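Annotated features, as they stand in TrEMBL:
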ACT_SITE  Cys455  active site, nucleophile
BINDING   Ser332, Ser333, Ala334, Pro335, Gly336, Gly337, Lys338, Asp356, Asp383, Asp398  S-adenosyl-L-methionine binding site
COMPBIAS  10-22  compositional bias 'Basic residues'
COMPBIAS  43-56  compositional bias 'Basic residues'
COMPBIAS  66-86  compositional bias 'Acidic residues'
COMPBIAS  118-131  compositional bias 'Acidic residues'
COMPBIAS  138-147  compositional bias 'Acidic residues'
COMPBIAS  572-581  compositional bias 'Polar residues'
COMPBIAS  582-610  compositional bias 'Basic and acidic residues'
COMPBIAS  630-642  compositional bias 'Basic and acidic residues'
DOMAIN    240-525  domain 'SAM-dependent MTase RsmB/NOP-type'
REGION    1-86  region 'Disordered'
REGION    105-150  region 'Disordered'
REGION    546-642  region 'Disordered'
Amino acid sequence: MGRKLDPTNKVKRGPGKKSRKQKGAETELAKFLTDEDNGAKRLSSRGRKRGGKTHKRQEEEYSYQMEEEEDDDEDDDEMVDDYGTQEDVNDFIILLQLLPIERAAKKEKKRKQSVSPESEDDEDDDDDDEEGGKADSDSDMEEEEDLLQTNIDEMDTFRLPKAEETEKEGVLPLDLKQIHQRIKDNIDVLCNFATKREQGKDRSDYITLLKKDLCTYYSYNNYLIEKLMDLFPLSELVDFLEANEIHRPVTIRTNTLKTRRRDLAQALINRGVNLDPLGKWSKVGLVIYDSSVPVGATPEYLAGHYMLQGASSLLPVMALSPQEGEYVLDMSSAPGGKTTYIAQLMRNTGVIVANDVNAERLKSVVGNIHRLGVTNTVVSNYDGRQFPKVKQLQVLLDAPCSGTGVIAKDPGVKTSKDEADILRSAHLQKELILSAIDSVNAESSTGGYLIYCTCSIMVEENEWVVDYALKKRNVKLVPTGHDFGSEGFTRFKERRFHPSLRLTRRFYPHSHNMDGFFVAKLKKFSNVIPTVTSGKGNQEMVEADNATAVTSSEEKSTDQIKVSTVPVKGASSLSKAQTNGKSDKKPAGKKDLQPGAKKWLEQIQHRKEMPQSSRKKKEASLRKNSVRLENTHESKEENRKE
């Protein structure tokens with residue numbers, strides 16, 4: 001019924017569905033093979049040379065292979081057909097059995113293998129070219145080095161800018177990098193001025209330019225830069241200025257009244273705080289590098305286990321070294337860091353008077369006292385200059401100052417402080433230190449000690465004030481107990497201070513990594529307040545004619561005057577009046593004497609210059625007065641007897 005299949009008649013059928021789908025791959029493969037075979041490009045001259053070398057080498061290899069094949073043909077007994085050896089035939093058969101894509105991939109692999117020896121030849125050619133160009137490159141390098149050396153020589157010789165360049169700097173925007181480099185070069189010239197200075201230029205020219213550049217780059221006023229240049233060597237000045245641009249590390253003090261430093265450190269580390277011990281000189285300090293939580297709001301802080309306190313403010317309390325059961329006065333106590341540290345060292349024994357002139361700042365003192373568990377402190381609000389003279393065993397005076405040691409915390413100091421501010425602070429500090437010394441009891445068993453400290457680095461607020469106290473009160477300087485820190489100045493510019501001022505200690509941010517600070521420890525050896533002293537330091541007495549005995553001319557000469565010695569505050573010493581109204585030494589100027597001494601000296605001088613006639617009249621009147629006084633005295637005695 002259907003179509004019969006004739007097995008003898010073979011009908012050629014077309015490609016199936018799957019082969020029709022693969023027809024596109026064949027066409028693409030044909031395109032790929034066509035591009036590969038016919039896609040020749042125009043080569044450069046260098047490429048043509050390499051191609052010629054490659055072709056020549058291939059011909060040599062082909063001739064060599066042919067010779068080897070002839071030798072092999074002679075040795076082989078088996079005969080092969082025109083298609084080649086059996087291996088080549090097998091490879092060809094395998095190649096026919098592969099898909100078109102696989103045959104193309106295999107052909108590409110063979111092509112890469114044939115290209116690899118060419119690449120080696122290219123590398124050899126490149127090596128030859130490099131060797132040929134080495135000579136040229138070496139010569140170019142030598143020329144560049146010579147040019148670089150000349151530029152370095154020109155840079156080494158620093159030259160002052162001309163007037164035209166300075167005018168341009170005033171108009172054009174500032175180039176801080178150029179100014180910073182000029183500061184370094186200028187300091188280098190000043191440190192080696194004999195060898196590196198410019199001909200015809202004085203040292204003052206370089207210093208003037210350096211002051212201007214420092215004021216511009218670091219934003220200081222001219223007065224403060226001049227003061228700092230007097231304090232530090234030029235090589236150290238830039239380090240100090242750079243240190244003031246960086247904040248000091250955050251430090252805390254462990255409150256040993258409530259915890260130990262080891263336990264506190266472990267608790268803070270568990271909260272994600274990165275810290276280390278402050279140093280070998282402190283047993284309670286910790287320095288914090290970074291923290292994942294606010295250091296001033298942790299449960300440990302609120303519980304009073306530690307106090308945020310700068311490393312430099314620990315030094316005066318350590319120098320005071322209070323003992324248990326003592327009476328201590330903290331004259332400027334706000335915000336309470338030093339007061340609570342004193343209470344911690346005294347183990348809440350004895351009595352501490354925490355005084356401050358600012359009532360608002362005393363609120364922070366009260367808050368810290370309660371939070372840290374201090375129970376032996378009395379808070380007062382007095383002006384330190386009029387503080388009641390209650391004899392304390394020891395006194396700590398952290399005097400108000402200009403704050404030139406804490407510029408990193410308060411950058412406004414750079415431009416806000418001038419000479420008037422420094423002198424005003426120094427005058428207040430002199431008054432405070434005298435009042436603090438008067439509050440110290442020299443007769444205590446442990447000795448009356450006073451710690452004077454400031455957060456300033458100015459000589460006017462430190463050595464000058466301490467030297468003034470040494471002249472005005474019976475005190476002396478003793479070692480502070482710190483084995484680090486710079487010694488205080490015994491001479492500064494035209495000023496000369498007491499040699500014992502080298503026992504004081506200075507701390508700088510660039511060398512000790514803490515705020516600038518000054519610490520001096522004085523010991524009071526007498527509660528007596530000396531009167532105004534002379535240049536030699538001895539107490540002076542003024543001879544006054546307080547009780548004059550006038551006798552008759554027969555017994556004593558009228559010119560002989562008996563003068564008794566009466567101490568007068570603020571007067572210079574005089575020798576006793578000798579006969580004929582003459583003295584061995586000239587009396588001191590009247591401006592140095594009290595009114596009573598001036599009056600007696602005027603009378604003595606008047607008697608010397610008085611003529612004899614008037615002198616006789618004066619003597620007669622004196623005799624009459626003396627006789628009258630004797631008669632009245634006798635009459636009073638008689639009446640009293642009756």
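Cβ from N, Cα, C; glycine included.
Of the listed recorded positions, namely Ala334, Gly336, Lys338, Asp383, Cys455, the sparsest CB environment within 10 A is found at Asp383. Summed and averaged per residue, pLDDT over the domain 'SAM-dependent MTase RsmB/NOP-type' (240-525) gives 93. In this structure, the C-alpha atom of Ala334 (S-adenosyl-L-methionine binding site) lies 14 angstrom from that of the residue listed as 'active site, nucleophile'. Remark: Ser332 (S-adenosyl-L-methionine binding site) has Asn355, Asp356, Val357, Gly384, Leu397, Asp398, Ala399, Pro400, Leu432 as non-local neighbours, by Cβ distance under 8 Å and separation of at least 6 in sequence.
Under DSSP, the residues of the compositional bias 'Basic residues' (43-56) split into helix, strand and coil as follows: 12 helix, 0 strand, 2 coil. Calculated from their C-alpha atoms, the gap between Lys338 (S-adenosyl-L-methionine binding site) and the residue listed as 'active site, nucleophile' amounts to 14 Å. On a Cα basis, Gly336 (S-adenosyl-L-methionine binding site) lies 16 Å away from Cys455 (active site, nucleophile).
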